[in-house]
Amino acid sequence: MNAWTLVYEGYDPALEGLREALCTLGNGRWATRGATPDGLARTPGTYRAGCYDRLASQVAGRTVVNEDLVNLPDWLPLTFATPGSDWFRPDTADLPDYRQELDLRRGLLLRSLRWRDDAGRVTLVRQRRLVSMADPALAALETTFTAENWSGPLRVRAGLDGRVTNRGVARYRDLRGDHLTRHTTGAGDELTWLTAQTRSSQITVALAARVAAPVPGSVSAEPDRIHTDLVLELAAGEPVTVSKIVALVTSRDPAIHDPLTAARRRVQMAPGFGELLAAHETAWEPLWERARLDVDGPELSQIVHLHVFHLLQTLSPHTADLDAGVPARGLHGEAYRGHVFWDELFVLPWLNLRFPDISLGTLRYRWRRLPEARAAAREAGFDGAMFPWQSGSDGREETQTFHLNPESGRWLPDVSHLQRHAGLAIAYNVWQYHLVTGSMPPWCAELLTGIARFFASLTVLDPLSGRYEIRGVMGPDEYHTAYPGAAAPGLDNNAYTNVMTVWLLSRALELGVAGPQEAERWTDITRRMRVDFHDGVISQFTGYADLEELDWGRYKGVRRLDRALEADGDDVNRYKASKQADTLMLFYLLTAGELTDILQRLGYSADAGLIPRTISYYLDRTSHGSTLSAVVHAWVLARSDRARSWQFFGEALLSDVHDVQGGTTAEGIHLGAMAGTLDMLQRCYLGLEPRPDGLHLEPLLPERLGSLSLTIHLRGRRLAIEADHVRTRVDGITLPRGADTTIPWRTPS
């Protein structure tokens, strides 16, 4: 096994969706799934960061409006045919050999195959594909044909196809996905091109292609697709190469006047495939240097490299200047419609220590939507800024009003917009960026202040108990949307929301952003917020103790209990069962000391056994219906049960490579889980913790992790850190065994 390549042998149409997602190529501005250029069982997808469109659909007698990350025209199509044969399709072809290889270090997708046609002619085909990290407008596909046991003509067809729709997720297919309209095609100056426009957002998309071959081609066009036909003369054993250089430009791109003019010009100026590849490889080199994270063992190394690769393809230096957030499923598919949730909570801690400019760009995406968040809070009767659970183009709430349960076939109300904690994640990210970089731009302080004002406004004082409460919300669990039998959705005093509100108001007071009256009330909230307890553990919400215990034996191995129970005519709200970490998120974001201080300040007892008891209690009642669940559980068990922590870490590592959620990876990678595994290695197992006085370092490697080495960048300073079970080295200096070290912050010169 090579730690830098992901290899698939053979062609299996049933596995193409998974391979397409994992073999996606991108540069932070846009990405293309690893679909074959010529297959039948393909789900082509090209997605540009921030390119959304909104459509209305009629579903189950209702009008449903959804905003999607748009599937843009397909630039990949290229097929071929020997004399008397149909166009090559791997799904129906006789393939003595077939291999697909993702070269992670070079950002290159390779395919090689041998095709035997009905006449027994064998043709070797080798392809190389890239989406340029050097020039974010360009992509390229190179195909080399070698006739092994024959000579004669080979027909080749290379095209651009604008007929694509958003149809990559089966459960969304009752919703409209025809986002592209007003197609045009054209040819000239040895180029072909295609343009389209999104229906409601009216974003213009232009693709231009240059096909280079040893023979001239002929062009055929329709309004929504165009292709170039070639006839190559092959001699046995002599390779012939066709290259296709493509530019993709949208009206959202910087420094352009007209997308089509820009796309044509970029292709005309572009060099050949070899020079493009060299520049692309050169652009990847410093990214890998800054992102260096070495572990022992080729399998673990391969997955770590794969996760870094997909993170940097979604969020690269090219992303920093875009108006784009952190899509939960990357730029790799259509699950969650390309929306932005809270996943930057798991992504930014890794970026902060290597690419703080990218982190800042994602925070700027939130800040630009601050006016919409303020309007949402105002309309709901609150102060400050209420950020949505699902965000897209303009920051309005994009959560659907009802959703399909694929197990029952029923459309059900969706109230997940009540996950107000999305704003807490944004504020936490602002603070973490501040700790690592020492910077708090005024607009970041404005962002944190707006969120603090909202949560202070959301908090009400119960005159009977003398405690502040937050009512009618949902926590991260997502299974519990309401009390059993209740007419209205929402739950009271979700522990995660309440405690993190106290944390947020404390940080805002520390910054001094509150007015005199605000400061008095915010301080009071940080001393009298309600947190419920039962059976010696923190209660997930008020009334949790009254819920029924679930018969876990009946639903053993079922990850989506909500769907299974609803299909059985039951309701998950009745049970002490969680989809993923909820209360345990407190132990993920806060140190034991921080949480204990908050609880004691609120007047609650927090003995040494509270945290382990709470972890054990909810661990026994969680179905792990989200890939993030394994990340959080690995984290919270790291100091108390290293063997079980490593087990959860392994599940998180394999969640996409092995598609542990049963088909979901084909719809897009799980970016938060990928980034979360990388952050586990650095902040949890290596013990890197940003604090006001510096970067705290306290390694505690699991037994099965022999060594860990990485590079981070802190305020203009590059640090190389190595650790194993015997010693820790920082920039070549060995620290005493078991040392608890703080690396002081250094202000950049």
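Note: Cβ is positioned from N, Cα and C throughout, glycine not excepted.
According to TrEMBL:
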type	residues	note
ACT_SITE	GLU478	active site, proton donor
BINDING	TRP342, ASP343, LYS579, GLN580	substrate binding site
DOMAIN	8-252	domain 'Glycoside hydrolase family 65 N-terminal'
DOMAIN	306-678	domain 'Glycoside hydrolase family 65 central catalytic'
DOMAIN	688-730	domain 'Glycoside hydrolase family 65 C-terminal'
>> My understanding is the cutoff is Cβ-Cβ under 8 Å with a sequence separation of 6 or more in the same chain; which residues meet that for GLU478 (active site, proton donor)?
In response: SER416, GLN419, ASP562, LYS579, GLN580, SER626
>> Quick test of the contact rule: Cβ under 8 Å, at least six residues beyond the ends. What residues does that give for the domain 'Glycoside hydrolase family 65 C-terminal' (688-730)?
In response: 289-297, 300, 352-354, 356, 432, 435-438, 591, 638-639, 642-643, 645-646, 649, 681-682, 737, 739-749
> Quick one: which residues besides TRP342, ASP343, LYS579, GLN580 have a Cβ within 8 Å of the substrate site's Cβ centroid, in sequence order?
Replying inline: PHE341, PRO476, GLU478, SER626, LEU628, SER629, GLY672
> Which whole number is the mean pLDDT over the domain 'Glycoside hydrolase family 65 C-terminal' (688-730)?
Replying inline: 93
>> Can you tell me how many other Cβ atoms are located within 10 Å of the Cβ belonging to GLN580 (substrate binding site)?
In response: 24
> Counting only residues 6+ apart in the same chain, whose Cβ is under 8 Å from the Cβ of TRP342 (substrate binding site)?
Replying inline: TRP389, GLN419, HIS421, ALA422, ALA425, PRO476
>> Out of ASP343, LYS579, which of these binding-site residues shows the lowest number of other CB atoms within 10 Å of its CB?
In response: LYS579
>> Let me make sure I understand the span of the substrate site: among TRP342, ASP343, LYS579, GLN580, what is the greatest distance between any two Cα atoms, in Å?
In response: 16
> So how many of the residues in the domain 'Glycoside hydrolase family 65 C-terminal' (688-730) end up helix, strand or coil by DSSP?
Replying inline: 0 helix, 27 strand, 16 coil
